[in-house]
Ligand SMILES: Nc1ncnc2c1ncn2[C@@H]1O[C@H](COP(=O)(O)OP(=O)(O)OP(=O)(O)O)[C@@H](O)[C@H]1O
Ligand SMILES: [Mg+2]
């Protein structure tokens, strides 16, 4: 291997100036460590809250939206606009017509991972005089489980017992507790259409979210249709899962081509939650980023002072035949070494912080703090740490490359 | 006398300084330097000797006229080409020895050769040892450069200037900081380099004895050559 004199010189500078190297590296360590940690925090939390969302809502849902009354006669020619003063919602029913066919068309789309239909209605759970209001979903429970992993939350009974059991119901643990009911007990369910049925509890679930646990129940589709006095062709929602939830807008758009009903992706449904999440992410990233930038200034400073002190050496090197680009390489290499040392230690520190954080129990539905080792974030922090030190090193290095040896020797 | 090979020549070299006022620091400098010649540049302080040397060295490129090194026209070349040319063909020795303080003497000598990349690391090391040997400081090779006496440091600097066997060695007051004993040593080495190894030496000096004993002396005054000395004619 040919000896590289540039890296030789850079290494010697680094080694003979251990203290400065360490100070510069520690700046980067701090920056990279905090960057990695904070991004892991936000990323862990985002994916946690997204998982929470996907517990009950699919990537994309199709439903019949309310429509406003439209003029029967279109505006005749320009200059005239036909308007309805005080238009009304004209939706008579929320029903999707011919849902079977729509569902099978959707399932034929190559990108659709899973699609199910659901009949939902507002329900009242009664036992004696006690009453709880909530909502009930009529679903094919096994298909539903495939999409929402409901079986994970079952604490009593089983999903299978609902299959084909038109009288069965699975309720949230909050309902069970309040009404003091257990598996195989009877529960009276009333709908707003005044249909009353006594159902048998075949399963109880706990998701950890009291909102769900205190209100939600599942039954078969046909039973739900009876509760709202509708026939077997009535469906209130179609839920669709896609391979990559991040691209839900595109998939929603192409599904919208297939149906006149409203196709809504989860981002639209959860826009408010996502927006506040995004605000939090941006906030955290900018704090982490500014710490990195400060670290970069450390490198810039130390390299600048190295160069100021070594200006005679630089002049000598240039006099003996080192070109400007060699000088740039020497000092960039120094920045890179400082940056690499700092970045690697920073990654270790970040990892330790993540490990500690992931062992902190938050309680409630969250459990342990939702933070994980994400290789992509490690790679990103590494890349950013190195990139930022190279940028910080480039400017002093370029200044060094422009040193005019004649000017130095005249002094 | 037979015609000798020209190693460096200038054609009407001129240079201005603009700060604080415009003035001509070098004026119509034309001369040849020959292979194996020990040439000295003398003149009063401020006469432009250093300025001329920097132009000859290719480090200063803002002059008018032309400069040739070997058969090559150097004027107008790009800075990177000039850097490579210096590395290959020109050795420098300064009044202040300017060694790189965090490297050993040996490494200081080796650096220009490692940059040149013509020899392997081992070979470069051997060559550096033999140069230090010529200068009588082989035993100091592994000491940090900063731990040597002034005379020793200057000899390391000379070894460094010699490492790539450059055709030309340029010095700006190489003995300006040395006592008479060390001046003597340096002088003898220069003589040896020029006459035994056939390399050309162009040295700026204030030391009259030093100039007197060199092969030829060019005297500057106000940026002009006012005399090619005694031996000048023998080269024509
Ligand atoms: N960077 C500069 N800007 C303006 N004028 C300069 C600059 N460098 C040198 N000079 C002037 O140019 C003239 C020649 O300077 P130079 O250093 O070449 O003289 P010298 O012969 O080497 O003198 P000395 O024997 O004292 O070293 C002097 O008058 C000096 O003041
Ligand atoms: Mg001078």
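Placed from the backbone N, Cα and C atoms, the Cβ positions cover glycine too.
No curator has checked TrEMBL annotations; they are predicted automatically.
Your range for transmembrane segment, going by TrEMBL and the list A:3-20, A:21-38, is A:21-38. Here TrEMBL gives transmembrane segment for one range in the set A:260-281, A:282-303: that range is A:282-303. On the 0 to 100 pLDDT scale, the domain 'ABC3 transporter permease C-terminal' (A:287-405) averages 90 in the predicted structure.
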